[in-house]
Protein chains: 2
Amino acid sequence: MMVITKIKDMQTAMQQYRREGKTIGFVPTMGYLHEGHVALIKKAREENDIVALSVFVNPLQFGPNEDFERYPRDLERDQRIAKEHGVDVFFSPDVKEMYPHPLSVQVVVKERVDVLCGKSRPGHFDGVATVLTKLFHIVMPDRAYFGLKDAQQVAVVDGLIRDFHFPIQLVAVPTVREEDGLAKSSRNVYLSPEERKEAPALYKALLQAKAAVENGERNAEAVCALVKQYIQTHTHGEIDYAEIYSYPDLKPLETLAGKVIIAVAVRFANARLIDNIILDIA
Amino acid sequence: MMVITKIKDMQTAMQQYRREGKTIGFVPTMGYLHEGHVALIKKAREENDIVALSVFVNPLQFGPNEDFERYPRDLERDQRIAKEHGVDVFFSPDVKEMYPHPLSVQVVVKERVDVLCGKSRPGHFDGVATVLTKLFHIVMPDRAYFGLKDAQQVAVVDGLIRDFHFPIQLVAVPTVREEDGLAKSSRNVYLSPEERKEAPALYKALLQAKAAVENGERNAEAVCALVKQYIQTHTHGEIDYAEIYSYPDLKPLETLAGKVIIAVAVRFANARLIDNIILDIA
């Protein structure tokens, strides 16, 4: 596995692969890799000649009161996991390499961001779209892999690739869960033992909603109420949102139809957890 | 010469050239081609296997009170000129093809835009950077050609390519002038016969400034005063700006040193003309 920290070196390496006619799968991450990331790597490994993985905790997508400083980092462990799962190129630039001076240009996301996490994290998706625009040009992949746990991120990247005509195929990979249903996340390490026990309630609440829809419930408000009630009853967390939208457009719905996302965010003492399910309603 | 109007067809054609290992030079224009554009085409023709030219009057870069509707258009003539000068691929999408729905993402330019034309045309360079991001991904050139008449645009594109790591070389081509010194521009057709006679005063004023600098003048304000006075004396136009900055950073200067731009914009009754010279001061 090649380990690269400089943009120029990365561009040169990837250009060489492209010249050889090799297809490139790209897994952009913020590191502290877990099985969710491994699922992305495995999918990329299946579909491409070369798998490139980036680890970059992007300051631009953190708000002033968010966890940029204490976001978990372990580059050695990340390299080991990446190597074990067949990553060919491991790209881990530092902040100075990615932002050597104030950016003269930035990507601003105008749709799909006034709801869910975008609403409570202003500027977050601008930071995501900007760093991905940089990374996409550095890596120039054929396919880019994202986890559906961050379903709004997938929707934003879908818009970014479509509207800017990036010659890249977006591959969305289902959420990987612990045995008790908790969605894998680097932020799970923040949870106290008691919170960890409560955390699977997010997914259980979503499954309750799913069951209600399967039993014929089509009223969005009623389904949201179910989700909220379950979480309030089973956790000490504070609900940030529990909402339903069309997917990937993220438009509000009164009556459920077509592809919809039910998404929740819950604040615990030391961590804010998110989860979602996407349903295709006939 | 291939004539293409659909994004998909353009991407397919350009991909084919890249697969064959051909280098691609790209000349993005708003059409109504004149000798300034021809100079870009010629330069691209010299340096690349394939020359692609786009003609797209981009609504996103026009302000609400600007000349989008009446901007001169003549696609047949543009095709003839392009063909005559050896363009291989002529890309002329319509507005609906480029903007089929509200953009979910946009590029915002944060540096190099609070001066010169950027100051009096808010949002203009956001529109330029956004459409170029789209076009760059559609064409995927090795080199992109821009005229130095729009020197601030060259500076903005320089920042766009650098900060987003587009794998594209920016080639800036010197301004082409009429025999009497007037910079070639599609907007020159707006001038009345009397205004046309006065218009070369912009360049003459810049040459006066250049002579003063060559004679040792290093005070930015004094040089600007010279330029303004000459234009005020020799035209009925209203000076929008006559300013000096470092180039391409476009930072203010009190004392001239290094690479500097002296730039003017003058409003006539039916047209706003711009011109500039770039000096390298030892």
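Each Cβ is built from the backbone N, Cα and C atoms, and glycine gets one as well.
Some features that TrEMBL has for this protein:
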ACT_SITE  A:His37  active site, proton donor
BINDING   A:30-37, A:147-150, A:Val176, A:184-187  ATP binding site
BINDING   A:Gln61, A:Gln153  (R)-pantoate binding site
BINDING   A:Gln61  beta-alanine binding site
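Comparing A:Gln61 ((R)-pantoate binding site) with A:Met30 (ATP binding site), their Cα atoms are 11 Å apart once rounded.
For the binding-site residues A:Leu148, A:Gln153, A:Val176, a Cα to Cα distance of within 10 angstroms from A:His37 (active site, proton donor) holds for A:Val176. Ranking the binding-site residues A:Met30, A:Leu33, A:Leu148, A:Val176 by C-beta neighbours within 10 Å puts A:Leu33 at the top. Of all the Cβ atoms in the protein chains shown, 19 others lie within 10 Å of the Cβ of A:Ser186 (ATP binding site).
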